[in-house]
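Trainee: Okay, so TrEMBL annotates it like this:
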type	residues	note
REGION	1-35	region 'Disordered'
COMPBIAS	14-35	compositional bias 'Basic and acidic residues'
DOMAIN	65-396	domain 'SAM-dependent MTase RsmB/NOP-type'
BINDING	Cys188, Ala189, Ala190, Pro191, Gly192, Ser193, Lys194, Asp218, Asp245, Asp274	S-adenosyl-L-methionine binding site
COMPBIAS	332-352	compositional bias 'Basic and acidic residues'
REGION	332-357	region 'Disordered'
Amino acid sequence: MGRKNRNVNKFAQRKRDQKEKAKNPQDKPAADTRKHYEDIIRENAAFEEYYKTQKVCPEEEWSDFMSSLKENLPTAFRITGSKAEAAALLNIVKSEYFSQLLNVKIKNEEKGEEEEIKPVSLPWYPGGIAWQLRLSRTDIRRNEPLYKLHNFLVAETAAGGVSRQEAVSMIPPVVLKVEPHHKVLDMCAAPGSKTAQLIEFLHADEDKVPSGFVMANDVDNSRCYMLVHQAKRLNSPCILITNHDSALMPALVTTDNKDPTKTKPLKFDRILCDVPCSGDATLRKNPDIWLKWSTGNGNNLHGIRILPHHQDTGGFFVAVFEKTGLLPWEKTVEEKTEKETEVKEDKKEPPQKRRRMGGYREDPFVFFSGDDEDVFPSIKEYYDLKEDFDSKCLLTRCYVGKKKNIYLVSSIVKDVVQKNEANLKIINTGVKTFVRCDNKNMTCPFRLSQEGLQSILQYIGAVRRVNILKQDLILVLQNDNPSNPPDIKLFTEHTQNLVKDLATGSCVLQYQDTESNLKLTLVGWRGVHSLRAYTATPDTVHYLRLLGADYSKYGNTKHS
């Protein structure tokens with residue numbers, strides 16, 4: 001008993017283990033029998049027999065079905081961001097990248113012949129911003145136009161201008177028809193590509209913050225941080241990331257609009273649940289499944305589904321359920337009648353399983369008490385914030401000590417957090433809006449953050465805004481070395497006049513294209529003798545691309 005519970009010296013134990021291994025050498029591990037995807041024979045008699053018996057596909061379509069499964073899955077992506085930015089970026093994709101593919105042909109290994117590369121706009125996706133085209137890693141290495149397109153997709157994915165996602169995976173958020181006022185729950189959200197779509201649809205009205213929100217949940221604590229990464233790319237104050245078993249989500253409440261002193265059950269308008277399925281259609285992206293497939297693999301959820309040969313996609317299963325009435329345990333007080341109270345055999349809510357929590361201990365979510373919060377008066381004065389800005393929607397992640405980062409959430413998200421934080425494990429929420437910057441030349445100790453700029457922009461007064469010209473914005477972006485920012489003398493007379501009386505510190509750089517609806521807003525910094533932008537390298541490349549300027553110094557765009 002004593003030996004079992006004593007503390008073990010891990011270093012000494014490791015030494016003992018090493019000696020033991022030296023005395024008793026293990027057999028050599030078996031040789032790696034895995035094959036390169038191109039060498040795999042994409043056939044499996046058991047697979048064909050099983051699915052023919054299931055009659056998943058009409059007999060007259062069987063040959064097309066099998067042919068599609070044996071081909072590599074096409075690359076699919078969609079353009080994201082504001083409508084104006086998305087339109088500008090889509091125009092760049094078509095004119096600079098797709099146009100170079102017009103006469104490009106690649107070899108189809110299965111058919112043994114060359115085929116043209118034809119980018120296809122997915123006709124069912126709103127706005128024509130989702131595309132797919134056939135190409136593999138081998139094709140990218142062999143072909144310069146494809147190599148350039150690949151580099152573009154990688155760079156814009158990092159900046160949030162493009163989201164790379166399977167075509168069929170885009171379907172569920174589309175059919176949910178999310179609107180800005182909807183309360184949306186994504187039950188199994190990681191890694192977050194569908195969550196990103198839900199947020200994009202939630203922000204369809206770009207002129208105001210949505211009254212709804214998205215709660216992105218996942219049972220795996222470590223995978224929840226993938227959602228945090230996705231959320232940072234989208235910069236939304238209307239997202240909550242939670243860590244629960246979605247089958248055991250706690251009962252949530254929100255403030256009753258009819259009586260603010262009371263609460264009411266929180267009901268979601270839309271729920272997305274990405275449940276496990278047979279997974280057989282991953283044959284197109286993981287060809288090694290051909291070698292190990294058995295009937296046991298496919299004998300799960302396999303009925304109505306999206307077949308790969310219909311629109312050159314991966315396989316998928318989608319079902320839409322509409323809730324038409326309350327469940328027995330959801331009846332409200334208003335709906336209860338004297339007759340119902342006399343019923344002896346009352347239907348009860350299914351018993352709840354014990355909830356298990358794990359993972360990292362999260363920092364608290366501490367909301368501002370109001371305009372009298374210690375750091376807020378200087379922020380409000382410096383940025384000339386409008387009176388209708390609700391400071392109670394600002395929060396930090398610490399109770400004591402200096403506030404380093406200040407986050408902004410929408411009013412509905414604040415309400416959900418405050419009313420449910422005792423039984424809801426929240427991983428992350430809000431968008432970073434202000435960052436502590438103890439600069440001796442700045443009267444306010446906080447600078448603006450690019451992440452939260454769009455959410456707070458409407459409240460910032462004219463005193464900290466600079467309407468910069470295109471050539472000046474390009475100058476700022478191309479000279480992004482913080483230790484050597486561009487001198488004010490290098491700018492046009494227009495911009496010099498705007499900033500000559502501007503107090504040093506954080507500001508907003510605004511650009512409006514006179515020939516289109518493109519409008520760019522960046523966090524800037526007015527130095528004593530200089531003006532610079534606070535943008536990460538991927539964002540810098542994104543903005544220079546939209547402006548038609550040179551960004552070659554930020555990466556190798558040559559075919560190698």
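Glycine too: its Cβ is placed from the backbone N, Cα and C atoms.
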Trainee: Could you give the maximum C-alpha to C-alpha distance in Å for the residues Cys188, Ala189, Ala190, Pro191, Gly192, Ser193, Lys194, Asp218, Asp245, Asp274 that bind S-adenosyl-L-methionine per the record?
Mentor: 20
Trainee: Within its own chain, what residues at least 6 apart in sequence put their Cβ under 8 Å from the Cβ of Gly192 (S-adenosyl-L-methionine binding site), listed in sequence order?
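Mentor: In sequence order, Ala216, Met226, Leu227, His229, Gln230, Ala231 meet the Cβ cut-off.
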Trainee: Determine the most Cβ-crowded residue among the binding-site residues Ala190, Asp245, using a 10 Å radius around each Cβ and all protein chains in the structure.
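Mentor: Top count of Cβ atoms within 10 Å goes to Ala190.
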Trainee: Using CB atoms and a 10 A radius, I'd like the single residue among the binding-site residues Cys188, Lys194 with the highest neighbour count.
Mentor: Lys194
Trainee: State the mean pLDDT for the domain 'SAM-dependent MTase RsmB/NOP-type' (65-396).
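Mentor: Averaging the confidence scores along the domain 'SAM-dependent MTase RsmB/NOP-type' (65-396) gives 83.
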